[in-house]
Amino acid sequence: MARSRSSASRWRYVNPAYYLKRPKRLALLLILFVCVTLVVWDRQTLVREHEEEVSKLNDEVTRLHSMLEDIKAAQSGAGKANVIAKVSDASRNSDVLDDPIDVQRREKVKDAMIHAWSSYEKYAWGHDELQPQSKNGVDSFGGLGATLVDALDTLYIMDWTSNSKGLETIHNMVVRVPEFLVWVAESLDFNKNYDASVFETTIRVVGGLLSAYDLSGDKVFLEKAKDIADRLLPAWDTPSGIPYNIINLAHGNPHNPGWTGGDSILADSGTEQLEFIALSQRTGDPKYQLKVENVILELNKTFPPDGLLPIYINPHRGTRSYSTITFGAMGDSFYEYLLKVWIQGNKTTAVKHYREMWETSMKGLLSLVRRTTPSSFAYLCEKIGNSLIDKMDELACFAPGMLALGSSGYAPDEAKRFLSLAEELAWTCYNFYQSTPTKLAGETIFLIQDRQDMSVGTSWNILRPETVESLFYLWRLTGNKTYQEWGWNIFQAFEKNSRIETGYVGLKDVSTGIKDNMMQSFFLAETLKYLYLLFSPSSVISLDEWVFNTEAHPIKIITRHDQVENSGFFDGKHTETRSRARKEGRFHEN
């Protein structure tokens, strides 16, 4: 009986009536239940989070294993410097968290773009360029909406990381994208009685429209690019195939400027290849590619051993005229495009001759390298006949970026040599900025072999991008944040000296800081774009997938299988997408 009473006594604790008569014990039981529930829930949450972390780690291990296999395959296949160095920029940094300083600086550059675009929109909508001080638009390129077309891909890129659905969904920018699209579709008219520069129209308008098409998929851009390219094509109808550099957009009548003595300009004749090849790839019509590739084939027939061509070429005979050899104005982007067409074609046999010509030219470039005293700044001379001239354009400051970009195609020792030279030249170009009172570079610089190293020649600054372009490439390819610091210093100098209430202006003199009255379209297309990308993750417009034209318009890399060196013909069915003067600019007194 005692056992029975004891058993009954224990069972009373599971009887609800027991607790209803004892509220304190009921409360204690409820508290105990809640605590146990929380402990169990917390344990389950921890298990789920642990499982998620393990899954993420497994994915990362798989990705890294795949990357390692790719690197091993590349090393065993080529022995080239693209594996010495630095893996690819996309695989190195695409998943790295943004540095908070980079985020802050990127937003500052974006704010500059908002200010520049809003000013253009308010005072110069539809015109080629804005004159900020007089608050009006001017048609520097015949009324083709140069700033509109030049700036579109910059606006898109600046919203790339947060939105990739299309141009209509760009946000957080003071832009009228729907109005812009309407303007391009309905108001962008190329039937102008205007003598246009084939070069400038190609790099800004054709390049800008193709880039907008590649970024958005909107066919209105491709249709407009085809329209303007068709108007430019008669410029290549010369006995040699070397194009005339000027053509009337409404009537044709191609010709060269009088001041060249009838000759064509090297850069103006050899800087349409990226755009016209891309147009053939996207339309399936080979005529554009045939015209521009014939220029390279013609020049390659008599290409000199040092790969250096003078700035004037006879369009009738295809021969070189006695003139300056330079990596500055009127020579520069010819050499740039030899490298970039090779990259655009995904470095296949079809474009191998471009790389070979470029490497020959780089041997010639080495013969132009000299150093100042006392600071030993490396620089690129100009050459006339056998005489070297100790002068370097700011335009030539694209060369460090070109050398860095091209170094990956060399064997390891040569790659290190050219990358080292690129870094030396970039330091010189940065000092073109740092050596003036405004911290902005002059248009030309004379390099000196005693006492002061360098002095400003032509003293204006028109918001050019070449130095920040090279800093962008060097940062992407080396990961050295020093180049970001240099770029930030240059941006701050633009903000201090060139930003006004109604936009951005150049300087008439980098020593006095006196302002001009022009916001160049390439400031939005290039300078601000390269600065923005300098502080962006490398996955934003990855160099593995895109190649920039000389106006900083990114064009998708498409593998080429056509044998151009034999036939010069493009077969649109055999492609696959891969997973100035260079920019003249104009100085205005008013």
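Heads up, the Cβ atoms here are built off N, Cα and C, so glycines get one too.
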Disulfide-linked residue for CYS429, taking TrEMBL as the record, within CYS381, CYS397: CYS397
CYS397 (disulfide bond) CB neighbourhood, other CB atoms within 10 A: 31
Spatial neighbours of GLU466 (active site) among the recorded positions ASP332, CYS397, CYS429, GLU443 [C-alpha, 10 Å]: CYS397, CYS429
Candidates GLU200, ASP332, GLU443, THR550 (recorded positions) - the one closest to CYS429 (disulfide bond) by CA: GLU443
